[in-house]
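Undergrad: The structure under discussion is supplied below as structure tokens; questions concerning it will follow.
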Amino acid sequence: MNFFNQWLNRSRPMNAALGGLCLGLVVIAVAIEVGLGMEPCPLCIFQRVAFVAMGVVLWLGIVIPGWTVGLLAGGAALAGIALAWRHLWLQSLPADEVPACGPGLDYLVDAFPLAEVVTMVLAGSGECAEVDRILGVSIPLWTLLAFAVLGLAAVAINGLAAVKGRS
């Protein structure tokens, strides 16, 4: 019981740490992009946006921890999981079923309404089907695992703090 009380009393610093991890993962993604010359596909960029959203929500949890922060962070994590899952599915397609490569995300954003851009990105393109690995594991699988762990932690930390009425 004492362990949980100590955990709950630390929800604010834990939100700060989880938010920092989210944004740290985006920094790592940019470092991989620049350092290894891996150009991110549109789904990769959307996953980065989900990490940024989750990190910002968790940093808001420094000021106002509780169910709202936990649910919003969990929602961002679920969106990230869905994007990573879609990315993994595209990577698993046989070569003859992979969608053709489309224009870059910059062009799509300039030329189409946002709703249409989202639809086109989620449909996938050839560059999303390329498999890049780190330590033998595809990058979308790493992001899916990170979203799952960080999302569960965010919901647990903020949910338990709200139930106990502590922050």
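From the backbone N, Cα and C atoms, a Cβ is placed for every residue, glycine too.
TrEMBL feature annotations, pasted as is:
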TOPO_DOM  1-14  topological domain 'Cytoplasmic'
TOPO_DOM  32-49  topological domain 'Periplasmic'
DISULFID  Cys41-Cys44  disulfide bond
TRANSMEM  47-64  transmembrane segment
TRANSMEM  141-163  transmembrane segment
TOPO_DOM  161-167  topological domain 'Cytoplasmic'
Undergrad: Given a Cβ distance threshold of under 8 angstroms, which distant residues of the chain, six or more beyond its ends, lie next to the transmembrane segment (47-64)?
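TA: Contacts of the transmembrane segment (47-64) (Cβ under 8 Å, skipping residues fewer than 6 from its ends): 11-13, 15-16, 18-23, 25-26, 29, 40, 70, 72-73, 76-77, 79-80, 83-84, 87, 140, 143, 146-147, 150-151, 154, 158, 167.
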Undergrad: Just to confirm my parser: what is the rounded mean pLDDT across the topological domain 'Cytoplasmic' (161-167)?
TA: 65
Undergrad: Based on DSSP, tally up the residues of the topological domain 'Periplasmic' (32-49) by helix, strand and coil.
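TA: When I sort the residues of the topological domain 'Periplasmic' (32-49) into the three classes, I find 13 helix, 0 strand, 5 coil.
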Undergrad: Pick out which of the disulfide-bonded residues Cys41, Cys44 has the most other Cβ atoms within 10 Å of its own Cβ.
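TA: Result of the Cβ crowding comparison: Cys41.
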